[in-house]
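Trainee: Handing you a structure now.
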């Protein structure tokens with residue numbers, strides 16, 4: 001009996017241990033955090049951490065300034081994502097790191113069911129506006145892109161404060177029931193786990209116009225999570241720059257409600273950004289589809305006379321003085337001269353009077369540029385140098401609006417944006433892979449953008465001939481000369497106050513006229529009464545002198561105190577004997 005009990009207990013303990021071991025092993029498989037990436041939060045001292053797991057697991061992140069300490073642990077939220085993702089990781093997690101200190105390196109460990117990854121690390125930027133942010137700029141990207149290893153190395157250098165990704169992630173997240181998207185997210189972890197990965201929605205993440213992959217796999221500042229389909233845009237500040245991410249795909253799906261929502265948000269955000277230009281003088285906007293392009297077929301929206309993206313964005317971004325616009329989608333790299341409504345406003349980047357637009361695509365050795373440069377050149381910081389192009393065949397520009405273009409995109413590239421101070425920003429295009437004599441990271445194009453007059457752009461500031469060309473294009477597009485179809489809350493408020501002042505002035509003038517008229521009427525009445533005399537008076541006494549009868553009226557202070565009649569009361573009547581007077585007075 002004792003032996004049976006011993007065997008029974010041993011079996012039970014063994015089964016229990018096996019069950020615990022099985023649970024731990026299951027958690028290691030199902031709760032291992034994957035796809036880890038960061039994004040800036042709504043405040044400077046906040047960062048969001050997003051990851052995915054195979055199973056339904058808990059959500060915690062521990063972070064500290066020491067790699068060996070768990071420090072602070074925060075809980076987050078999770079949800080299940082299956083839309084166009086049947087075979088991908090379904091369980092997505094998000095936690096917010098708050099109370100971060102500026103210019104500090106943090107180590108963090110995302111954890112689900114006590115299964116952690118890391119530690120990963122990042123460094124917070126200064127929280128003031130007086131410093132020089134450097135950003136990594138990435139165009140279209142796929143899970144097997146040759147650019148990924150280079151970007152992974154670059155991310156670990158600590159040189160960049162964030163990555164701006166311009167949409168167009170992979171060739172459809174939904175391919176292979178979501179596993180293609182999983183592959184890309186695993187690759188992006190080598191970048192996004194070490195710096196904020198700020199991305200815009202692109203056409204590859206669209207899926208029937210709903211953008212499910214973008215809305216679920218990423219968390220961006222100022223929005224709920226998952227991101228609502230009518231909030232595919234956001235903004236954030238970094239140093240002296242206000243960054244704006246907008247969605248271009250909404251213009252191709254015909255949902256006017258969402259287009260109106262983005263427009264209202266964009267106007268409000270840009271209006272507020274202009275009031276804060278003392279702190280953030282630069283405004284940089286980025287999205288997926290470009291507004292202009294050259295050397296592409298007419299099927300591309302940017303090549304059409306009535307581009308949907310251009311119609312939806314150009315006037316607003318121009319009016320509110322956006323300094324730089326970063327775009328992708330094209331298979332070419334293209335840098336434009338400052339232009340508006342297809343009209344080039346200048347051929348350099350010194351105090352441009354329109355946004356400077358850059359399209360980042362793949363690039364090859366076939367180059368078309370506005371200037372000739374057979375060997376590398378060193379650009380100056382006055383905004384007048386156009387490009388640096390080494391070992392390239394340089395030919396004349398294809399259109400006046402294009403300052404520099406690299407075509408036949410087969411070679412990956414990425415950008416570096418360094419905002420040096422309130423007036424100077426430096427842009428570089430770099431090779432994303434080694435090819436021939438070129439090395440990865442070699443500069444392919446660069447220029448200085450100098451802007452000492454940050455603020456709204458005005459058509460009235462342009463030369464007459466340039467303004468006339470723009471007016472012609474405005475009219476051709478169904479508009480009016482000199483009139484931009486842009487809502488401006490500040491201008492509307494001023495107009496409302498001016499109209500209110502006008503109404504008050506009209507009311508005041510009307511009231512004053514009424515008072516003057518009233519005074520005139522009163523004076524006229526008094527003057528009329530002053531000219532009238534009484535018909536009959538009560539005689540008070542008679543005095544006969546020199547054979548005549550004198551009749552005196554009452555004195556002024558006895559009966560009539562009206563000043564208007566004082567002089568009328570003092571008179572006398574002379575008669576010879578009084579008989580006729582008696583008859584006259586008595587009416588006989």
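Every residue, even glycine, has its Cβ placed from backbone N, Cα and C.
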Trainee: Select from 331-350, 351-370, 371-390 the stretch of residues annotated by TrEMBL as region 'Disordered'.
Mentor: 371-390
Trainee: Do you know which of 513-550, 551-588 TrEMBL annotates as region 'Disordered'?
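Mentor: That would be 551-588, the stretch labelled region 'Disordered' in TrEMBL.
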Trainee: Can you identify, from 482-504, 505-527, the stretch that TrEMBL calls transmembrane segment?
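Mentor: In TrEMBL, residues 505-527 carry the label transmembrane segment.
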Trainee: Over the domain 'Purple acid phosphatase N-terminal' (33-124), work out the mean pLDDT and round it to an integer.
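Mentor: That stretch averages a pLDDT of 95.
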Trainee: Let's see if you can do this one: DSSP helix, strand and coil counts over the domain 'Purple acid phosphatase N-terminal' (33-124), in that order.
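Mentor: So the counts come to 0 helix, 48 strand, 44 coil.
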